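Read through the structure below, which is laid out as structure tokens, and then see the notes.
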């Protein structure tokens, strides 16, 4: 049998099959990875938009239910919803690369707005805590005897400590033995814990007698979903930030001026 007959009898390569030197399979893998990346980004954009709507819609619904000004107590649920559902959620979403309302601004501007929103959230939380404490005192009721009360107190105190800890990021020289990347990592991680505490307090508040007698049926379950939705979005965003900051913390341990992890510029610059 001649060489020409052998070449004629060889089967043609199947579409997508990698032959000797072929690149169909790597191309297909790259296409699949690109499609998954676009899908993941679309899901993040959609979930971020939902978080913005929930962050604003939940306090608005609470305001309708509580009718602030009708009693001293009526200010408590509104202030707490503003603090942990709206202000704190927006303060964290401001660093989202997909859904931040200020993503076209510089990081310095976003950090300043983050600070302002967090301070406003802390102020609302402190006012809400003071009002419910005074209201219980007027009515002769016990203070912090329920899971909602204890969790709310812990969330407010934690928020105060978190804001105080954020000062170290503005003045990192106060912590000489800590790198800026490590301070950012710990601040982001502890901030997530504080946010989840606030959301847990909101959910426990929706189990209170006042809320369960006002909101019933499907509406109650929809209300309970609001803190869950924002918590999941913030946790996903925090996981990405944690991964980036963890990489930055590992790079900061490299000895300069040698390049770190194949980079051309030392991390501390």
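Each residue, glycine too, has its Cβ placed from N, Cα and C.
Just so you know, TrEMBL annotations are computer predictions that nobody has curated.
Listed in TrEMBL:
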type: COMPBIAS; residues: 1-10; note: compositional bias 'Polar residues'
type: DOMAIN; residues: 42-245; note: domain 'Cytochrome b561'
type: REGION; residues: 1-26; note: region 'Disordered'
type: TRANSMEM; residues: 45-66; note: transmembrane segment
type: TRANSMEM; residues: 72-95; note: transmembrane segment
type: TRANSMEM; residues: 115-134; note: transmembrane segment
type: TRANSMEM; residues: 146-171; note: transmembrane segment
type: TRANSMEM; residues: 192-212; note: transmembrane segment
type: TRANSMEM; residues: 218-241; note: transmembrane segment
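Counting Cβ pairs under 8 Å that are 6 or more residues apart, the transmembrane segment (45-66) and the transmembrane segment (115-134) reach fewer than 3 and are not in contact. Taken as a whole, the domain 'Cytochrome b561' (42-245) shows an average pLDDT of 92 in this prediction.
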